[in-house]
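Worksheet: the structure to be examined is printed underneath.
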Amino acid sequence: MNPRGLFQDFNPSKFLIYACLLLFSVLLPLRLDGVIQWSYWAVFAPIWLWKLLVLAGASVGAGVWARNPRYRTEGEACVEFKAMLIAVGIHLLLLMFEVLVCDRVERGTHFWLLVFMPLFFVSPVSVAACVWGFRHDRSLELEILCSVNILQFIFIALRLDRIIHWPWLVVFVPLWILMSFLCLVVLYYIVWSLLFLRSLDVVAEQRRTHVTMAICWITIVVPLLIFEVLLVHRLDGHNMFSYISIFVPLWLSLITLMATTFRRKGGNHWWFGIRRDFCQFLLEIFPFLREYGNISYDLHHEDSEDAEETSAPEAPKIAPMFGKKARVVITQSPGKYVPPPPKLNIDMPD
C-alpha cells in the first residue's frame, strides 16, 4: 500500500457528493418504511450539507479571485474559475428543485410540474456547459447526467400529476436506454480486460489497471440496474419489498464510487481558494501527516528481500588493524583470515 499514491490523485469534490448521496440514500428508505418519523427537511440534511459546502467554497474562491489579481495568470486559473461558476449555477438550480420537493411532500399544495421546473432549466444549461467543457477538457459527469435526462424529468412530473397513467416501467424508458449504454460500456471494459490478460506484450501494471476498471464498472452499473428494477416493480405493485432492501444495491454502487475517488485525478483548485491539490493543501495545514504520507508498504517485496538475505548472508565486517610505528592501515578482506607477517627489525650499520 502506498498512501502517497493513494491520496495524490484524491478528488475531494466527488467524494463529498457520493458521501452525501450515500447518507441520503440511507435516511430516505428509513423514512419511507416508517422506521424514522423525521420531517423530510431533516431527511434531506445531507443534500443541504452538500449544497452549503458548494456555496461556501465558491464564495471563498470568488473572494480570493477578486482580492488577488496576480493569481489569474497561473496556468489554467481562468478556465478553472469559470468551471467553478458554471458548477455553482447548476447546483443552485438543483437546490431550488430539492427545496420545492420537500415543500411539496410536506404540504402538497402545488403541481409536480412546477416542482420539476428547475430541472427543466438545468438541462439546457448543462448542454451548454458540456459544449464548453469539451472545448476546455473539463470533467463533465454532473453536466452530462443533467442534460441527457430531460425527457425522464418530464415523464416523471407528468406521471406524478396523473396527466399520464402509464406504468412506471414505461415512464422509465429513457432511463432504460441510458442503462443499456452503460451496460455496453461495462461489456467493453470486460472484453478489453480479458484481451489484456491474454496478451503477453502488455506489462503487469496495465493489466491490473484494466482489470480494476472492469471490476469498478461492474460493481457500479450492475447494482444500480438491480436497484432501478426493484424500485420500478415496487412502484407498480409487483412486489412488496421494503425500501431498505431495495436501496441496498444502490449503497453498493455509491460505496464503489467513493472508493474510485482516491484514484481519480481532477477537481477544481479554486474551491475555497486553495489553488493547489487537496493533498498538498492538507500537508501544509497538518505537517504531521507527511510522516504517514511518505511511507509505503510492499509486503511481497519485503518477503523476497528476506529470502535473498537468508540464501546469501552478508560476510561479517572485520575492523581494520593499525600498526603503531609504520602507521599503515591493513584492511582485511571478507575471505579467510590470514595473520599478518612477523615484525622484522633491520639494524643499520654504524
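Just so it is clear, glycine is given a Cβ too, placed from its N, Cα and C backbone atoms.
Residues or ranges marked as transmembrane segment by Swiss-Prot: 16-36 (among others). Taking Cβ pairs closer than 8 Å, the transmembrane segment (16-36) reaches residues 43-47, 49-50, 53, 142, 242-244, 246-247, 250-251, 254-255, 257-258, 261 in its own chain, all 6 or more past its ends.
Residues or ranges marked as transmembrane segment by Swiss-Prot on the basis of sequence analysis: 41-61 (among others).
Summarising the annotation, Swiss-Prot assigns transmembrane segment to 81-101 (among others).
Listed by sequence, the residues of this chain that lie at least six past the ends of the transmembrane segment (111-131) yet keep a Cβ under 8 A from its Cβ atoms are 86, 89-90, 93-94, 96-97, 100-101, 104, 140, 142-147, 149-150, 153-154, 156-158, 160-161. Feature annotation from Swiss-Prot assigns transmembrane segment to 111-131 (among others).
Residues or ranges marked as transmembrane segment by Swiss-Prot: 168-188 (among others).
Per Swiss-Prot, the feature transmembrane segment maps to 211-231 (among others).
Here Swiss-Prot flags 240-260 (among others) as transmembrane segment.
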Same-chain Cβ contacts of the transmembrane segment (168-188) under 8 Å, 6 or more residues past its ends? 148-149, 151-152, 155-156, 159, 214, 217-218, 221-222, 224-225, 228, 232, 235-236
Please report, as numbers and ranges, the same-chain residues at least 6 past the borders of the transmembrane segment (41-61) whose CB is under 8 Å from any CB of it. 16-17, 19-21, 23-24, 27-28, 31, 81, 84-85, 87-88, 91, 94-95, 98, 102, 106, 270-273
